[in-house]
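Annotated features in TrEMBL:
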type: ACT_SITE; residues: 443; note: active site, proton acceptor 2
type: ACT_SITE; residues: 443; note: active site, proton acceptor 1
type: ACT_SITE; residues: 527; note: active site, proton donor 1
type: ACT_SITE; residues: 527; note: active site, proton donor 2
type: BINDING; residues: 279; note: chloride binding site
type: BINDING; residues: 442, 446; note: Zn(2+) 2 binding site
type: BINDING; residues: 442, 446; note: Zn(2+) 1 binding site
type: CARBOHYD; residues: 111; note: N-linked glycosylation site
């Protein structure tokens with residue numbers, strides 16, 4: 001058994017930043033993250049990536065000398081011992097490199113500079129290059145058949161977790177480029193600013209997402225703010241997604257290249273397969289679709305009520321009563337402030353809740369948390385990535401100290417100020433409101449999870465599936481879109497159009513302004529820009545309620561055989577040590593997630609039933625409300641109905657009505673300007689009350705509140721004439737004294 005122990009790492013350009021310092025030892029080299037000036041390439045070439053494996057496992061080497069032909073049993077024992085010893089060795093190196101990468105990530109997230117960007121890219125490249133070289137030199141040479149014949153599931157899962165390289169399968173040049181693209185997209189997102197509504201054409205945009213735009217979206221919710229909200233919505237997407245569109249497409253190609261480089265076309269044919277493989281479940285996408293379908297009745301009723309309320313609030317001319325809801329209005333639905341709480345008190349409340357369950361508190365597991373976290377946006381001028389995030393530094397396997405950074409003697413003065421004696425930390429630009437209070441529980445859940453699985457192998461220090469970890473806070477359109485982009489179903493020709501089609505299909509939401517392929521609106525989401533899977537949030541939303549119901553049963557506050565006896569929404573597990581003991585069962589990925597789910601909830605499939613139990617009173621209320629108001633359910637997918645209004649520039653209404661052909665000609669020319677995106681369903685001429693805002697001689701398109709189901713082709717426009725008076729009477733347009741009314745249907749595939 002021969003192991004190549006001095007791996008050649010890539011040769012990045014010179015930079016002043018994080019470097020690795022390896023000290024050889026009997027157990028292998030120990031990583032110390034250092035920030036020095038110099039040539040990373042030269043440093044990597046002169047330092048072994050890890051110690052001599054022969055020296056670190058002499059017992060295994062002696063076993064290997066035994067002739068394999070002596071005994072099949074001995075051969076298997078030697079193979080198992082070799083795999084086990086190698087995994088012990090691999091895990092320590094992986095932990096060290098991952099700690100180094102997380103340190104670079106934190107540095108970059110809390111101080112976005114070109115130098116820190118280079119450090120982050122170098123740290124990612126070091127980890128991925130090491131993984132690839134280990135696979136080529138050692139992992140691929142093991143006889144893995146022996147794993148299938150022995151009952152050691154943990155060993156089997158440990159080894160299988162490193163058999164697929166994922167992104168690390170790329171060569172150094174492509175790896176470096178992919179890392180660079182992710183960093184550049186993240187920088188665009190983090191540093192984006194827009195002009196204020198009052199000065200739309202400013203030369204120096206000043207409003208950032210947090211807290212400026214979030215405050216606007218949360219507080220500007222009167223009818224007069226409709227256009228302000230649309231401005232904020234549009235400009236943010238123009239400042240983020242639009243600027244990263246080309247980078248994203250290149251990132252997709254490189255991710256697909258990584259999938260192909262794994263040389264397992266039967267299971268990993270695209271980046272979508274790389275993301276979905278962690279669920280270890282054939283047909284997982286179909287499971288997601290089934291769950292979504294089961295939720296739709298409830299969602300459509302909720303959507304109908306929200307749409308109705310928004311129409312009353314912002315005006316019936318702004319929202320189609322049967323159509324999707326303009327996306328910029330959702331942030332205005334609820335604004336809940338938290339009185340006189342401070343940011344620190346909000347975190348303390350979350351910590352107190354976890355401690356009351358008998359779990360690990362910050363004082364025990366992370367005593368320096370408050371001193372070393374970034375809980376509010378800094379006021380020192382630094383550009384930071386405000387999106388909340390919790391960091392596990394993977395340093396050791398015990399508490400306190402699992403998340404501790406390396407000794408200060410290896411750190412620069414700048415880094416010492418930020419990292420000395422850190423155990424764990426959260427990065428969040430917190431505002432004192434209920435939404436951020438929920439986010440705090442989410443991030444504190446991450447920290448609790450890190451502390452709970454501290455003794456596990458670093459290969460298992462993740463959720464049983466990506467969604468289980470996110471239970472500790474926690475949609476479908478975003479993961480569906482990303483999978484289809486990786487699979488080539490969505491291409492660069494329809495990247496944004498297809499995105500909005502899926503958003504409308506799954507969520508009943510539409511952009512408030514016209515969007516086309518110049519834009520990339522999905523890039524306005526942090527997770528898309530930062531190479532983060534979105535499906536786990538959908539999974540987490542389902543599991544959240546399954547776990548909650550199981551914990552409430554454990555706490556004696558819910559009876560699944562009589563859900564009305566103790567309603568699930570009234571359950572409060574605070575101070576329940578029984579619930580806390582049960583909660584510890586779901587940490588780590590050492591077992592298949594369905595096995596964990598079965599043990600925890602009594603069923604191995606994800607289920608919507610607990611969510612429906614929790615919202616049972618709301619569902620009852622929604623049904624009654626929808627029936628009482630006779631509200632239409634759902635939205636018209638794939639099409640949008642419009643009104644084309646023409647108010648002629650004349651003072652003689654008689655002249656106008658006597659010459660409808662002139663109006664039809666104007667309408668026809670207007671249709672041509674709209675292009676092939678629309679087909680006509682009706683045209684008519686009639687009178688209507690004068691409404692301010694639409695003058696004579698103006699052409700205007702607005703959302704039509706009364707739509708027709710039939711659609712005439714463009715060539716039938718001139719034949720329609722003014723016969724469709726019934727349609728006009730049902731949906732009288734708001735224009736001047738005289739107008740032409742044309743119902744338009746936007747084609748599903750423009």
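Cβ coordinates come from backbone N, Cα and C, glycine included.
Note that TrEMBL annotation is computational and uncurated.
A separation of roughly 19 Å, to the nearest angstrom, links the Cα atoms of the residue listed as 'chloride binding site' and residue 527 (active site, proton donor 1).
Looking at residue 111 (N-linked glycosylation site) and the residue listed as 'active site, proton acceptor 2', their Cα atoms lie 20 Å from each other.
Here the Cα atom of the residue listed as 'active site, proton donor 1' is found 17 Å from that of residue 446 (Zn(2+) 2 binding site). Cβ contacts within 10 Å of residue 527 (active site, proton donor 1), excluding its own Cβ and spanning all protein chains shown: 17.
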